Amino acid sequence: QIFNQHNAEAPSLEQAFRRMAPMEPNPDHDLSWFLLPSYWAKMVVALISFLCFANSYDGDFVFDDSEAIINNKDLRAETPLGDLWYHDFWGSKLSSNTSHKSYRPLTVLTFRINYLFAGGFYPIGFHVINIILHCTISVLMVDVFSILLGGLQFSNKGRRLNLAPKSSLLAALLFAVHPVHTECVAGIVGRADLLCALFFLLSFLGYCKAFRENKEGHTFSVFWVLVSVVLGAIAMLCKEQGITILGLNAMFDALVINKINLLKLIQKLLYKDKALENAGLLRKGLLFRITLLMCGGASILYIRWRIMGTGPPAFTEVDNPASFADSLFVRAINYNYYYSLNAWLLLCPWWLCFDWSMGCIPLIKSVSDWRIIALAALWFCLIGLICQALCSEDSRKRRILTLGLGFLIIPFLPASNLFFRVGFVVAERVIYLPSIGYCILFTYGFSLLSKQAKKKKILAVAVLGILLINVMRCALRSSQWRSEEQLFRSALSVCPLNAKVHYNVGKNLADKGNQSAAIKYYREAVRLNPKYVHAMNNLGNILKERNELHEAEELLSLAVQIQPDFAAAWMNLGIVQNSLRRFEEAEQSYWTAIKHRKKYPDCYYNLGRLYADLNRHIDALNAWRNATVLKPEHSLAWNNMIILLDNTGNLAQAEAVGREALELIPNDHSLMFSLANVLGKSQKYKESEALFLKAIKANPNAASYHGNLAVLYHRWGNLDLAKKHYEVSLKLDPMAPGTKENYNLLRRKLEQLQKKGG
């Protein structure tokens, strides 16, 4: 549906478009920069944005990728697609008390498609898509910046004119090479921000299309307005910030299409001037379009609220300490300090960190803290820009500064703590969209300097130098995101007071088997944050494995005291108590863990081991059976059931359990080995032999496999093969218990047979 606009007292949109060119000077007139045809400009931007992050294409899954991708059941084919609409970004039910309420089903859907096409968790495909998305967004920025910096005007043939080719190229390059974007591009979970930005920009460009010239003259199209609303909804389903594009579209309509002077409008509203129509506010088209945007936004938020429920996300004090401060003054001061840090990251993206929580940024608790200067500097700059945006006589300056501030501030609002508590202090990923506003303001500032500068080439070289430094910084930072070791260690110099940084470095070292170094970092994490229960739990685990049981018990006891519902710590405490032979306490700890986590197969497994040590065989079997019901692929629980039944003489039951286990886990060589032992005792030699050989094929260096197969041949009377496998077993493990004795018995028997034969 197309609406023509006619208003006797206000200029029509057609007149507005016609006036745009003569009223304002060419924004590129004084800009000392390269002038390229649109096609070549986009090619250059695409190439440079690709070069910045190309070295991240073969990186690993790092940091949050493990939770959002590897451990997220929503990516697997067995999870119904419909579940994506009722789960959060991490795969938890939105109705759960532990859900972060991050509702991004379309982003998770793209992860699922990646997983299905790759046939598993192979990170290269995930990284390539992220790089392509950033390149696409950077190319779209050329068109977006040409509109924001040069205005919206169409040719007689209905094609949009680029009135700021040099400015739009510079701004797009600044965006493409900004190092703060590395987390979004090189970190796979940053795809949420990339997809959100893509549909955010498409929504804006779609809204601009609503004013394209057609046969009936300059009109607006309801269809394209509605398309922009739908694209805004899609952006929000990728990440929450996407909804803000509807507000920015309304602001663009008022400032660029209707050329409303905000200061005069405010004055007229304050003085209740009846001539509001002359200010452009009451134009039928503007009000109608804003009403469509508001209704669309309200509908989107209502649907989201219905799906998510009313419960707030569950965050802890370490995630965002300022939001837990009792004093309103402390909260306000620290929120503003966080804003200044975000602004600094845009201006000087040199100190970048994967996580800014847990003591990285200590709270400001009094006005005597020198960091108050940062707040003053931020608001001095913002107030100066706002005054210029409102009061300047230059309409072009007013428009560009207002749009720049709008794109800087409005997309940041969902992360500002103003409307709801967020789960971070500073997060580089949330600056992806606000950086659009920064690029507008930087480019406009550069054009003003070029106008005043006598040596414009020196200024251009300086900007080229900034771009080159940013490209190098992007390449360096994206290389740090290639592996967890590099990523975590890079944060030690940026946030040495961040307990989570030390924890992650320690965890990475522990995963690689370097327990001594891991202990050092875990201890530092606990020192920096004495309530860091996850660091206590991991440190306790390592100490348990090193048989330092008493210190491990102290740490784990403290962890469950601080967080009584910490199921993993309760289970590990039970393991330590079991090792200390305090069986009743261990049993109580296991049951407490299960109380707090109903579906806890590993805890049932350890509980079964405790019961087996106490010769409570029925209880042990029941516990292991519970473990396999909750986790059918729990190989250790199946194995222990088979071995216990075998040792207690229940061979038929052991055989039945072994066959059941192998049906569920057909390629598990340890299960083949256990069942082969049972079959051998039941004199089912042929079937036992087949399973032993299959197990040995899967794991040829297991001495016990060869040794037990030799015992089978020994019983079976196949003495030559028995001798062969005894020798292989002893070669692999000369100290294998019982094997040497059996081998000596076999040799004596063979010697006796030779004497008889002789």
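Backbone N, Cα and C define each Cβ position, glycine as well.
Feature annotation (TrEMBL): of 243-266, 555-578, the stretch labelled transmembrane segment is 243-266.
Of the candidate ranges 161-182, 403-424, TrEMBL annotates residues 403-424 with the feature transmembrane segment.
The stretch that TrEMBL tags with transmembrane segment, taken from the ranges 126-145, 286-305, 346-365, is 286-305.
A Cβ distance under 8 Å defines the sequence-distant neighbours of the transmembrane segment (243-266), meaning residues of its chain 6+ beyond its ends; these are 13, 16, 147-148, 151-152, 200, 203-204, 207-208, 211, 228-229, 231-233, 235-236, 276, 279-281, 283, 286, 289-290, 293-294, 296-297, 300-301, 389-391, 395, 398-399, 402-403, 406-407, 410-411, 413-414, 433. Beyond the ends of the transmembrane segment (458-476), by six or more residues, the same chain brings 32-33, 48, 51-53, 55, 170, 173-174, 177-179, 181-182, 349-350, 446, 449-450 to within a C-beta distance below 8 angstroms of the stretch.
For the repeat 'TPR' (601-634), residue counts in helix, strand and coil come to 27 helix, 0 strand, 7 coil, using DSSP. Outside the repeat 'TPR' (703-736) by six or more residues, the chain places 669, 673, 676-677, 680, 685, 688-689, 692-693, 695-696, 742-743, 746-747, 749-750, 753 with a CB less than 8 A from a CB of the stretch.
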